[in-house]
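Database features, via TrEMBL:
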- S43, H76, R98, L99, H100, A130, S234: phosphate binding site (BINDING)
- E215, N257: purine D-ribonucleoside binding site (BINDING)
- 37-304: domain 'Nucleoside phosphorylase' (DOMAIN)
Amino acid sequence: MSLVAPKDYMALLDKAASSLKEKLAPFKDTPIVSPRVLIICGSGLGGIANVLAPEPRLEVPYGDIPGFKTSTVPGHAGKLIFGTIGENKVPVICMVGRLHFYEGYTFQETTFPVRLAKLLNVKTVVVTNAAGGVNEKFKPGDLMIIEDHINFPGLAGFHPLKGPNLEEFGPRFQPLSDAYSHELRHLFFKKASLLGVTRAIHQGTYFFAAGPTFESRAEVRMIRTLGGDAVGMSTVPEVIVARHSGMDVLALSLITNAGVGEKPPSAFEENPKPLDDGMASHDEVLESANEASKDVQKIFTATINEL
Ligand code: HPA
């Protein structure tokens, strides 16, 4: 899978944008023709789409959008929903089902929806993910507002902005010291407090691992040493491309499991703790996400209503 040349990538994006504008044409007298926010739903967090008003609403399967890849992961449906959120009827696009690098897609493909949102004039990207807790204070079911990230694959050359720069969107050397908007993080936190949400809300650093394996014990310790509070297989490419396109970002991790960082039981022990104690599984991720989803939906409705 090689990089698509900028000219061809732009042509694909333009085609996708035109196709969506055509589908939106019958909604020209409603707010959804001018979406302001893109919401990317993480594993098991597709329920966020339930906060969109029943009308007006347009659902477009990824397969119907030229150039858009389809999601292959259980818990990721694969459709864009155009709708509104909250009393203020803020027009949003909800991306139910995301595309991951580990599925075999290039970063150009996984971040295509973010570029597409920019072409539709979206101003803010709200990203969610399921993540493993690396910080020992984090428990499954907790939330973490992402304040910073470590792009581990990116530092080794697997970077979403690698290749010719797309000048139409942003600069060659994109700074990332302001990647996660303080205003949006504070707004999210304020709304959660006002709503009386009792679920623990942390803030921390998201460590991007390419996956698809969950981390080994030694990797969990390494991530902890490097400053990661939570680890997951998504989000960072989308965030980088959103910032490169000048969009503001709010990102949230739902801690679905605790990363296992203790040394494995010693070979010299007779009756050790089972080796699979605390082991991560995708089913556990989906179950935990499903439970926390209601709180996330409530806080997002209140937060996005202000955008
Ligand atoms: N590691 C990586 N990605 C994840 C995890 C994890 O433990 N949990 C949910 N997504």
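Using N, Cα and C of the backbone, Cβ positions are placed for all residues, glycine too.
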For the domain 'Nucleoside phosphorylase' (37-304), what is the mean per-residue pLDDT, to the nearest integer?
92
Just the binding-site residues from R98, L99, H100, A130 whose C-beta lies under 6 Å from any atom of ligand 1, please, or none if there are none.
A130
Which binding-site residues (S43, R98, L99, H100, S234) fall within 10 Å of N257 (purine D-ribonucleoside binding site) by Cα distance?
none
Here are the binding-site residues: S43, S234, N257. Which has the lowest count of other Cβ atoms within 10 Å?
N257
Have a look around R98 (phosphate binding site) and count the other CB atoms within 10 A of its CB, chains all included.
26
Tell me, by DSSP, whether A130 (phosphate binding site) is helix, strand or coil?
strand
